[in-house]
Amino acid sequence: MGRDAGGRPLRRREYDEDDVRVRPGKGSRPRTRRRPAHEDAVPAAVVAVDRGRYTCLVGTDLTGHPAAEPVAVMAMRARELGRKGIVVGDRVGLVGDTSGRADTLARIVRVEPRTSMLRRSADDTDEVERPIVANADQLVIVTALADPPPRPRMIDRILVAAFDADIEPLLCLTKADLAPPDAIVARYEPLGVPYLVVRKGGDLSELRARLDGRLSVLVGHSGVGKSTLVNALVPDAGRAVSQVNAVTGRGRHTSSSAVALELPGGGWIIDTPGVRSFGLGHVVIDNVLAAFPDLAEGTVNCPKGCTHRGDDCSLDEWVAKGNAEPVRLASLRRLLASREGEPDDAGETGELPVEAGDPT
């Protein structure tokens with residue numbers, strides 16, 4: 001303990017509230033800034049995203065028919081939203097100039113709660129999710145029957161993403177003029193996955209009926225004819241198309257970003273860029289199993305903590321008894337193995353040749 005100038009020991013002084021001096025107008029700064037409520041924000045829906053600029057439609061929420069012609073407004077994200085991601089399909093609140101005139105820019109100050117979120121990760125070991133589309137209620141998996149051949153393992157991946165996002169899947173088989181759909185239908189029809197078959201220049205009335213009144217996102221790997229399909233559904237869409245490379249069997253990316261388009265007969269579709277991989281690192285194992293209903297029931301007798309990748313897994317006996325196809329179990333186990341960082345046969349997540357015994 002220290003001493004004063006007279007040599008007396010210093011005593012620690014006890015302070016109470018009467019000793020605190022308060023200066024008028026000099027209160028302590030709050031920890032968080034009070035943010036405006038923006039109760040006058042104009043409702044809108046995001047239909048395109050390009051380098052930090054968001055094309056929003058005022059007058060529609062991308063469901064049903066708008067009461068009047070929507071106004072396209074260019075907007076930026078308000079600083080107060082921080083790093084919150086905004087994607088096509090989001091319903092937002094706008095302030096500022098919402099006239100839609102050229103060279104004007106509104107601000108997105110609010111993102112409404114989402115009913116669904118389609119996500120993927122960079123790879124199966126990356127748990128960081130990447131939002132793709134918000135508020136869709138139907139996921140159309142576009143798969144060619146030939147040129148390029150169908151990739152059931154990619155279909156399985158996208159089905160997992162659909163179940164994880166709680167979005168109803170629809171399998172759309174294109175290029176039926178080049179190959180029959182029987183084998184691929186035989187794999188997915190017993191699982192209760194709805195499907196339809198289209199051919200180049202064919203009737204799209206069944207597809208239009210399934211899209212009517214809904215917000216549907218179209219997903220598929222490159223070259224399956226997705227952009228051709230979009231141009232047939234929305235004649236003025238102008239989505240670029242390309243041919244499949246004769247050497248690699250892969251298509252070239254022709255859609256560089258997602259865009260929402262209104263269907264002439266009702267409903268909206270969101271066209272997304274062709275994918276060559278679909279990481280599922282963000283999906284919990286239970287949701288992976290949900291996409292394999294033919295196998296999920298067989299896990300009830302698995303030992304506690306079963307990885308479903310072998311050893312004492314009851315799925316082997318389940319398949320041996322004919323309750324599910326061996327190729328489905330192989331697909332599930334490849335997905336689970338890739339989540340642990342093990343490379344799959346093709347060395348590229350989801351971009352796989354058709355396995356032996358798979359439909360071609």
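Cβ coordinates are placed from backbone N, Cα and C, and glycine is handled just like the others.
Any TrEMBL annotation is an automated prediction that lacks curation.
Secondary structure from DSSP puts G220 (GTP binding site) in coil. On its own chain, G220 (GTP binding site) has I141, V142, T143, K226, G274, V275 as residues at least 6 apart in sequence with a Cβ closer than 8 Å to its own Cβ. Annotated GTP binding site per TrEMBL: T174, K175, A176, D177, G220, H221, S222, G223, V224, G225, K226, S227, T228, in sequence order.
Taken from TrEMBL, the feature Zn(2+) binding site covers C302, C306, H308, C313. C313 (Zn(2+) binding site) is surrounded by 19 other CB atoms, counting those within 10 A of its CB over all protein chains shown.
The compositional bias 'Basic residues' annotation in TrEMBL covers 23-36.
What TrEMBL records for 125-278 is domain 'CP-type G'.
What TrEMBL records for 134-276 is domain 'EngC GTPase'.
Per TrEMBL, the feature region 'Disordered' maps to 1-40 (among others).
If you look up TrEMBL, you'll see 338-360 (among others) marked as region 'Disordered'.
Binding-site extent for GTP: residues T174, K175, A176, D177, G220, H221, S222, G223, V224, G225, K226, S227, T228, maximum pairwise Cα distance 19 Å (rounded to the nearest whole number). A176 (GTP binding site) is 40 Å away from C302 (Zn(2+) binding site) when you measure Cα to Cα. Using Cα positions, the member of the binding-site residues C306, H308, C313 nearest to T228 (GTP binding site) is identified as H308.
When the binding-site residues C306, H308, C313 are compared by Cα distance to S222 (GTP binding site), the shortest distance belongs to H308.
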